[in-house]
Amino acid sequence: MLKIWSMKKEQQKKDNDEAAAGGKKKKVTAAQLRVQKDLNELSLGSTMTTEFPDPDNILEFILTITPDEGQYTGGKFTFSFNMSASYPHEPPKVRCQQKIYHPNIDLEGKVCLNILREDWKPVLNLNAVIVGLQFLFLEPNASDPLNKEAADDLRQSRDNFRRNVKNSMAGGSIRGVQYDRVLLK
Amino acid sequence: MGASPEDSTARWQYLDHIRKTKGPFNPPSDEDEDTPEMLDTLGKSTILVIGAGGLGCEILKNLALSGFKNIHVIDMDTIDISNLNRQFLFRKADVGKSKAEVAAAFVERRVQGVEITPHNNKIQDFDEDFYMQFQMVVCGLDSIEARRWMNATLVNMVDDDNPDSLKPMIDGGTEGFKGQTRVVFPTMTPCIECQLDLYAPRAAVPLCTLATIPRQPEHCIEWAHIIAWDQEKPFPSLDKDDPEHITWLYQTALSRAQEFNIAGVTYSLTQGVVKNIIPAIASTNAIIAASCCNEALKIATTAAPALGFEDNYMSYHGDEAIYTNTFKYEKKEDCAVCGSLSKPLEVDPRWTLQELIDSLATNASAQLKKPSIRTESKTLYMRFPQSLEEKTRPNLDKTLREGLGLEEKQEIAVTDPAFPALSFKFFLRFT
């Protein structure tokens, strides 16, 4: 036990390494560092913005998507992002904050996006997730339903689905379920 | 067994004999290792055991019987009836009591002269000052997350000016008939984070499968756990150790399984899926715990070469025939915990943050033109995304010490989109 320290000293000399720790201040965590990098590389385009309720906590933020193409054009949707200390070994937790009519998003805001769950890999980053979310609004997908009624509507009649999307975004109800008004204006 | 000194010496006679005998592989030493003082090092060192479950019970027993006299044990769990088949320090009457407390009391009663301090806590409840009191840490954990936390804490504690800050970590783990023992000398040898790739990611089922077309009993349980619980919120928050909560999940899963004609949902399967329980085998725990404790004894006494600097990983495979393999896992250069240890950065505490950023552009070891900078608890300046840039821009005109409250030796993390693969960690040195 006594010898370990002298071995460390020797190892340091050998590596000519001035590195090693610096006292007892709190260290930046691995998750924070990775999120910092991810945020630097985020490409939001014109349809997305972020908001940090507490700028000092970058592990939590809100993403706003305002699609300018597809059936959901004219709507404004916000998603909460939450990265645990295990990020990027665990995917970010993402939730839609409005109750919306969408085949791949349930009424609690859970999102069925493969990379948020079964296909998540640590090499993926926040950009991959927001691109995936954006895509869900362009191409709602009837084969991976979380909102089964919406998926059935989409499969049976695109026109009917389109009408329902419009109605729901204005705060209307479909089959007795009242949706949140998400129109920009 | 009596308490007289003669008896106590007799008790350790054979162990002392091993320690007094110099072998060809003993590390060379300047000191005379035969002195009573030297032999007493074992009794003086304080060792921490994390976990008082399957591995922990074995570890506590082994350490006490190996001559360690001051042991602390941390475990936040209470004893469940399903533990009793292998966690042999517990009896039926102990169900519901703290594992750490019951285990400590049992071993203290059984092995004379050992003092075991139980902590019925999470490891995260304690800070570096607490962990500083131990000479060594032995982990018998079932969660990757807890291992990573402990590992990061021990790596971060290493202070160049303080030899006592380096705490060897011995990590045991089992899964069915397989197991492993690893020794980490924080910052010197590969840490747990370096070896993270060894863990297979937990297989997840697509959310939409759970929601629409469950095929297996596990799907129904996951549905109850992830979707139905959220919709119905039968209790304010899910406590996986509360039988009432598990019963709710079990019944919800069962009725879903009946709806889809799926057989096999049981209470214990529900508990297993929700808590992600991996079946534990008592004898595998005993094998791995024994090897952990032998390494602890050897490291504490230098009685024989231990895992660590050369070979650092022993894997035991009992699932397909029987095979053990000891090898040297390499340190990962870009390890997020021990890879990029922070380098000193000389700054004038009266500089503004902008001046610090300007200096990074000309600093030979950084050369960063568009840096974003954070500390553990404060976002100093983030160039992207826009909302964060706007919120942190006012910091640019503030001075480091007075304006931003930065301190000597504070660690800062610097990233730059020009170098997506790199990040820089510095600790401030005031000039």
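The backbone N, Cα and C atoms fix where each Cβ goes, and this holds for glycine too.
Residues or ranges marked as active site, glycyl thioester intermediate by TrEMBL: A:Cys112. Mapped onto three states, the DSSP output places A:Cys112 (active site, glycyl thioester intermediate) in coil.
TrEMBL lists A:7-17 with the feature compositional bias 'Basic and acidic residues'.
The feature domain 'UBC core' is assigned by TrEMBL to A:30-174.
The annotation region 'Disordered' is assigned in TrEMBL to A:1-25.
In sequence order, A:Asn104, A:Ile105, A:Asp106, A:Asp144, A:Pro145, A:Leu146 are the residues of the chain that are 6 or more apart from A:Cys112 (active site, glycyl thioester intermediate) and have a CB within less than 8 Å of its CB.
For the domain 'UBC core' (A:30-174), residue counts in helix, strand and coil come to 48 helix, 27 strand, 70 coil, using DSSP.
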